[in-house]
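Feature annotations, courtesy of Swiss-Prot:
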- E159: active site, proton donor (ACT_SITE)
- E265: active site, nucleophile (ACT_SITE)
- C283-C289: disulfide bond (DISULFID)
- 48-328: domain 'GH10' (DOMAIN)
- N285: N-linked glycosylation site (CARBOHYD)
- 1-19: signal peptide (SIGNAL)
Amino acid sequence: MVQLKTAALALLFAGQAISSPVDIDSRQASVSIDAKFKAHGKKYLGTIGDQYTLTKNSKNPAIIKADFGQLTPENSMKWDATEPNRGQFSFSGSDYLVNFAQSNGKLIRGHTLVWHSQLPGWVSSITDKNTLISVLKNHITTVMTRYKGKIYAWDVLNEIFNEDGSLRNSVFYNVIGEDYVRIAFETARSVDPNAKLYINDYNLDSAGYSKVNGMVSHVKKWLAAGIPIDGIGSQTHLGAGAGANVAGALNALAGAGTTEIAITELDIAGASSTDYVNVVKACLNQSKCVGITVWGVADPDSWRSSSSPLLFDSNYNPKAAYNAIANAL
């Protein structure tokens with residue numbers, strides 16, 4: 001085991017941002033924020049990856065191995081990646097992610113089976129109900145079967161709500177109707193009964209917001225109808241200062257009646273220590289919140305990189321927010 005120098009330890013867990021380079025390999029001998037988070041009874045504190053970000057340099061995978069306990073594929077399990085043409089599946093990218101995660105002892109969240117975006121044109125152009133139902137079932141069955149027993153949780157449905165809490169007019173809703181929700185979850189349950197099945201969305205960050213209310217009321221209705229929804233995922237893409245609202249939002253989502261909830265795509269504009277600690281504590285204090293996934297490792301790889309929203313800077317050094325989380329756990 002690589003010995004971690006006392007100076008490096010002091011830098012890593014100090015409450016200030018680290019400005020000098022850190023030996024990434026040495027950091028693997030330290031206690032990870034995932035390990036500290038799990039010591040409080042949670043399942044994981046994770047991040048995202050795909051073949052490109054896992055192979056572009058040595059620092060990104062080293063940080064994932066050292067500090068995070070779970071991986072979500074950023075793009076490689078989305079419909080346009082896995083079934084670009086009807087019945088023709090491609091799993092090279094998702095296989096790489098799953099193999100990396102398993103070989104390094106990381107939990108995996110499958111993301112995502114049904115989403116209106118990054119959807120191939122051949123799917124969005126379907127107008128026949130029975131055809132779309134068949135396509136939907138086949139896609140879910142094929143993707144989930146390949147990874148059966150390897151995925152902790154699946155985002156079965158992603159971003160199906162409008163901001164007013166009503167259901168989005170996607171091809172699935174427009175052609176099949178609301179029943180596509182039941183079809184998707186029942187199909188997923190039949191394929192892998194042991195995987196946790198989630199409905200995932202963004203802007204679920206303030207209690208009382210119409211989208212939160214819509215999610216809660218719909219999930220309550222669907223659960224009462226026997227639809228097998230295990231969890232609600234709150235993406236939690238936040239603006240600066242919004243971390244304080246997350247605790248109330250999680251409590252509201254927990255009231256929907258699922259067995260668990262999770263923060264699934266966390267990033268925060270400006271990455272302030274206060275915001276990040278507020279979010280981590282919100283999950284710690286809500287018994288149904290099983291884990292947090294940060295939507296990226298270092299700022300250059302973020303989908304909103306100009307906002308510097310992640311825990312590591314452009315040199316892959318941990319920021320003040322990382323150290324604040326470590327100190328808070």
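Yeah, the Cβs are placed from backbone N, Cα and C, and that goes for glycine too.
Ranking the active-site residues E159, E265 by the number of CB atoms within 10 A of their own CB puts E265 at the top. Of all Cβ atoms in the protein chains displayed, 12 besides its own lie within 10 Å of the Cβ of N285 (N-linked glycosylation site). The two recorded residues, C289 (disulfide bond) and E265 (active site, nucleophile), show a Cα separation of 14 Å. Comparing the residue listed as 'active site, proton donor' with E265 (active site, nucleophile), their Cα atoms are 12 Å apart once rounded. In the three-state DSSP scheme, E159 (active site, proton donor) falls into the coil class. The Cβ neighbour count for C289 (disulfide bond), using a 10 Å radius over every protein chain in view, is 24. The residue listed as 'N-linked glycosylation site' sits 19 Å from E265 (active site, nucleophile), taking the Cα positions as reference. In this structure, the C-alpha atom of C283 (disulfide bond) lies 13 angstrom from that of the residue listed as 'active site, nucleophile'. Secondary structure at C289 (disulfide bond), as computed by DSSP, is strand.
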